[in-house]
Ligand code: ATP
């Protein structure tokens, strides 16, 4: 037994919950305030391994390969191979087995690609944890935690390992993953009895559970498989199948079609023997040919690959899909409700204005660089000579959790960007962050949350004086203020005048913060809500700029063209929201509904407004749920963004819940269908575009494969029913369907977005995939294909060609028609004939090259002649065959033109 295992066994289920936190810290040789140091972390990682649950082993390649044969048609084919072998038709047996094998290899490769796509996405979603190491806070991948690490928890986090808590502030944890109890448990740091059951161990936070409220810190006492969740389920079974409702629907359709075709084949078999007096062996091969011809065997696999490629492309555009069906929903989105800060705006904040009772000024500068002048009008202002200014800046610096760091090329914020901006402003004013923090150490805090919209910190200076600084949404802070500070001291607060100041800053699109302070008894060690609800003294206002992202402005315009309404739902002030909405050019940026108004309206009144109003300000997370529900009641398909733990219900309720990858909590990510890695609104719109593309490509794959099956089946049926010679033999059909068609259809999975993808309205959510249009197109192409195949076959025979030659022409005609149809189907309704389209079709050209090569081999290689009974095609017939392909393409282009004209006429009649 090695060291690590021994330790695990000896520490099996120790009673951490029954020991005081200090004793646990001592056991793990860690000082809770400082954490471990890096060399120790490395040592412990070597000893205990990564903090990861062992994964269920993926299916091995052999099993995956064999599973390709689990398909009704394959069984039929293997049966046919057996029968042909019994009859001594060895060549047919070899062809059938060969084709089945090639098809299984294609399926195997495709499936591998699909699984890779999913795996890559899972990796992108790995969780992170905040740790304290060497006295500093870091965000590290959760799997890098080691026993003894000090982990910080806050609302929205998923607990990354088993922790013994040593600090808990209003900390509530929902432990349903372990105990099944969905009501969150209030945590404390007190030890409990050794025999306490899991749900009663208040001093513990267990891996996999969810922090719903408050803050805390704990020491890792179990990681990886050595956690409670690891004991329950030693394996994470992540068996996610790559499917969506549409794919399931199509798979059912394929199965149903397979059954029907096999039934029909049996009837034809009897009909051939009894009615036409054919030999059973020959008739058997004919009906096998019919089955292969009519069953779209490649369809489900092609659809799966199309979906996988789509998901992979979405990930490349920063949209990580967590639940696959959402790929389809994206294409029918009609409303996107988006946060403002960081999503529509850049979240690169800078303090621009400072206002107090004693004066006001503007600040200059770039980004977070702490250099920039203070001015009043054009006049420079020396901050050191204005105590009001220094006091405001100091409060902003101290009531703050962020840090600012100079990197090689830039200044970077760790933490909230807005707080970073406050630090930059303080440094511009000449304050030194470390000196200030050392002179006014922080004893306690009330952290910011979106519900209360403020933050408060308790400090003690070296004279022993205690005071709280509060910063937050101005309405909130002003309500608690009883006086205002100017350089002479405190004076009465004129609410109305301050509200005007706020409005004026907000109207310029500035985000406004109010800063206040209050003296506290010098022995105070804690600050509570009651302390900051009244008696504050207002120090002043800070106006911050956070301009809209350029790409968000363009994306909003794209949405308008695509028939998608964008609604901005923000926690910010109404005035600021209105100004930013105007800069973004939202459809209706004049009207704003605030959270307060929202609360005073009943559902009926709100329902009437919700469609038209695009800006919602001072909204709390709970309001989001109401907005989504009301929009959905009006048949909208709604996407909603969110980041906090309280956003989870709205994210779950929305048709597409979108969590922010950077500032989003684990809780928000888990409630959402999609995670946007860069928090950027433009990425949401790109995802919608990609969603529409995937749907189009699925449709194209269906429109491509079904008529080929239809055309082939029709050719065989006609021949059997009318007692004609088969224009294509069953083994030749096998070749076309399971090799050429599948290779060509694969190209459709890689199709780029059509130029008009974002210029049409969203697809109705209940639209059938096989619409009237698609049915018509499938029937038309099937007919044309059957006509082409039969046409060349009969003509060749009439011209004196041998049966084998005529059949070779027919097969080649079919494949050439497929190739031309591939180029036609790439654009379902718009013209395909354009140089630009030809150039950007690498996948299609590659597929055509491969198929052409195979087809040349099929036609001219002597060994192929043995298997497929082919004959070389002469030049004249070669030209004829290509011309038939061109003819098919031309007819379909004319059909598109005719359909477009008809649609245009309908529109102008309607108009
Ligand atoms: P959005 O919901 O679009 O992201 P937001 O970031 O403004 O907008 P919240 O984060 O809910 O929304 O913030 C609401 C308000 O709370 C802000 O307008 C600001 O006045 C105040 N606020 C935000 N962050 C802090 C903070 N760290 N400390 C104090 N007050 C804050």
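All positions are counted from 1 along the displayed chain.
Note: Cβ is positioned from N, Cα and C throughout, glycine not excepted.
Of all ranges given (669-688, 809-828), TrEMBL attaches the label transmembrane segment to 809-828. Checking TrEMBL for transmembrane segment across the ranges 287-311, 312-336, 337-361 points to 287-311. The stretch from 69-87, 256-275, 732-753, 774-797, 809-828 that makes the most Cβ contacts under 8 Å with the transmembrane segment (93-109) is 69-87. Within the domain 'Cation-transporting P-type ATPase N-terminal' (15-89), the DSSP-based counts of helix, strand and coil residues read 43 helix, 2 strand, 30 coil.
Contact between the transmembrane segment (843-863) and the transmembrane segment (732-753) is supported by 3 or more Cβ pairs under 8 Å, counting only residues 6 or more apart in sequence. Against the transmembrane segment (774-797), stretch 702-726 shows more Cβ pairs under 8 Å than any other of 287-311, 702-726, 732-753, 809-828, 875-892.
Ranked by number of Cβ pairs under 8 Å to the transmembrane segment (702-726), the listed stretches 287-311, 732-753, 809-828 are led by 287-311.
Across the domain 'Cation-transporting P-type ATPase N-terminal' (15-89), the model assigns an average pLDDT of 86.
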